[in-house]
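So the structure is just underneath, and the comments pick up after that.
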């Protein structure tokens, strides 16, 4: 008996080591397993309800759960809403198409391909969660029409069955993720908002304090700020479905994000202007401006004020009230030859101080719940985040989806391929979903890999399904496979592959109302879905997307410069938020496809600074003009200067640059001598524009020089 514990000790020690290793590996994975548990509950609950209701394809309801699932309740509800909307629209469109062409399969697939192409283009146009509705509306038509294309009299039954299965999956997922185990976005949204504020305050304090030096550091910080604004907007749009409190504060959240973008633009313009003054040799002006800004880093880096936003806003307001006296004192110490440069710099300092205080105060008031926020009229009177659209990318996505669906549908009709409808459906879904992605080919490759691996991974569960005599047995034999597949999909690196992997497993199993697995159906579904994914990948390889090409980068840069034309000509209400959101998104689209630190990245960053500086100056100038009456001659001169400025950025040439410089100089000539305060602000805006146009070290000047050399070379070749 004394030897028994000794004999068990090695095994017990080995078990303890394995347990310790597993516990260490699972550290921090509690949220992941909780999420997997919620997905499994929704997955099998939707399948059980579909079987109890006698639906023809419970697998469709279960696939809907996998498509809609997300860790955040708001994302689940948003995807469910747009999926339901897209499904209903697609269902109605399928019935309408079959009603118009009931006896012509060729016309049916042609109109279906046209509709799918239109929806693919719509997904690229809308982006965000709304693009999901376009994708669903596109491939739902294929899902409903293709099984009954030779039996059009069954279209209504097919539409009702497929729609019912999809809506069941969405309803079950929404209840599980929203009612039973919600995971709200409120904390994540607040963390993103706090992160934007803290990053910006650190950026301001570091730049003024001299700790941020070098182009790469400033560029990296600028990119992070832009990404923060765009990500916050996406979170805000999703949180609208998540939480009634966030829904009631939706307008305030939009306003805070607009204040954030406006404040960052003001500071970037100020920082860029100080660099320009240093290049011009006006060190006295630079020193005077830095002296005025010197108290700011001490305020922004104070940990006590960082924790009390209302106190920080009060201190910033106090600093802003003392700003005029400090600026006047510094101006008196400068020689008269430096007055214009200092006046232009002082204008930027005032604008930045206003925006910084407005941003911090808006953030503090929302956190404390002290009344509704109001925009700083009139520049933020209409708050709306506007997306930048690319007509070429929309047209390409629509044409590509239409072409591949039509070709594959006609091949299916001509070959009498039994499972061709599933291939067409798989291609339409994959092409439509990938079209809205920044890198469609990468997404399709990952999804194709998931569809190719899924049949092999699903095989053990399929073999064990022959033993299932009731639903609990079905759950028992398929649960290990689904747990492993869902865990893979939770890894960020395999997110896209994991989604396709999970869907491919359920398609291979082909779960019906009864437990009778068919080897032929397993092979047919697996091979067909894999073939469809390979066709989609081949399409994206043969017809590459515009996002990665240099031609699109050049076109996006042209559209970024064209935002100055928008600033000088568009109606003023809501102009500043539109200018901010569109220009920032265009910058982010180009920046995501350039190598950080490269020459192209540096040029993009400089163009973005120039566009923001010119656009803000034009918008501020137009607002100041709208608030007062000027002599008609001066009004025409300033209007002509703004028009020439927009023309310059739309077509950067030596002639347009000279015309813009002459127009601004003429407008300044009408404001010479002592002027009242409103006209002094107008003059300061014009001085800023003049300094920007005369700066020979900008990317605009370099572009004009290249165009001049190119024009001379072209003339020389023509002469020869």
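Every residue gets a Cβ built from N, Cα and C, even glycine.
Bear in mind that the values here come from a model prediction, so they are computed numbers and not experimental data.
Taken verbatim from TrEMBL:
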| type | residues | note |
| --- | --- | --- |
| TRANSMEM | 80-101 | transmembrane segment |
| TRANSMEM | 107-125 | transmembrane segment |
| TRANSMEM | 132-150 | transmembrane segment |
| TRANSMEM | 162-181 | transmembrane segment |
| TRANSMEM | 392-413 | transmembrane segment |
| TRANSMEM | 419-437 | transmembrane segment |
| TRANSMEM | 449-467 | transmembrane segment |
| TRANSMEM | 473-489 | transmembrane segment |
| TRANSMEM | 496-515 | transmembrane segment |
| TRANSMEM | 527-546 | transmembrane segment |
Which listed stretch (132-150, 392-413, 473-489, 496-515, 527-546) has the most C-beta pairs under 8 A with the transmembrane segment (162-181)? 132-150
Per the definition of 3+ C-beta pairs under 8 A with sequence separation of 6 or more, do the transmembrane segment (419-437) and the transmembrane segment (527-546) touch? yes
Lying 6 or more residues past either end of the transmembrane segment (132-150) yet within Cβ distance under 8 Å of it, the residues of that chain are 78-79, 82-83, 85-87, 89-91, 93-95, 97-98, 105, 108-109, 112, 115-116, 118-120, 122-123, 125-126, 158-159, 162-163, 166, 401, 405, 421-422, 424-425, 428-429, 432-433, 436
